[in-house]
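Chemist: Handing you a structure now.
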Amino acid sequence: MSRRESPPPPSPPPQLVGVQCEDRPERAEPLSDAEREIIQDTWGQVYKNCDDVGVSVLIRFFVNFPSAKQYFSQFQDMDDPEEMERSSQLRHHARRVMNALNTVVENLHDPEKVSSVLALVGKAHAIKHKVEPMYFKILSGVMLEVLSEDFPEFFPAEVQMVWTKLMGALYWHVTGAYTEVGWLQVSSSAV
């Protein structure tokens, strides 16, 4: 069996499974002022190390969900985490992910800006890259896992809950963009 014909990865845990569009809530649950402050404070600690954190997140994402690599020709054949860590393309993409999240966090006071940024991300990944939307939910879970492990002093359980709420809102906005451009279903069928 060649690398491209490898068996599918195991199914994600239930909390990572996507939703049908018709099950999508009418709107994302808004963050309170206190929640926005918590996110911005903790993000300030994370963003100081954005390159390393971003690379750690993507390596864990690709190791645990290798099917996600299909969308990245430049590193889809890498299996070794050390090789991934040395990849300039992976580092570049990690920085883009972290910078996009930084833009969202910096603009949490401006829902229009957040919506606009996430619509661009969603539409680009739907139209140009044709990425299954459930990978955003999986990546969100991986990111929360890495942040809570790498920054335990800044991510106690109550902070993790606030970040989970933010990631839910991000996923809601991104899947809205997918729906807007004609994806009929936002599901976990590809994992």
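Glycine is treated like the rest: Cβ placed from N, Cα and C.
In TrEMBL, annotation is done automatically, which means it is predicted and not curated.
Copied straight from TrEMBL:
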{"type": "COMPBIAS", "residues": "21-31", "note": "compositional bias 'Basic and acidic residues'"}
{"type": "DOMAIN", "residues": "30-179", "note": "domain 'Globin'"}
{"type": "REGION", "residues": "1-31", "note": "region 'Disordered'"}
Chemist: For the domain 'Globin' (30-179), jot down how many residues DSSP puts in helix, in strand and in coil.
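Modeler: For that range the per-state counts are 119 helix, 0 strand, 31 coil.
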Chemist: Take the domain 'Globin' (30-179) and average the pLDDT across it for me.
Modeler: 95
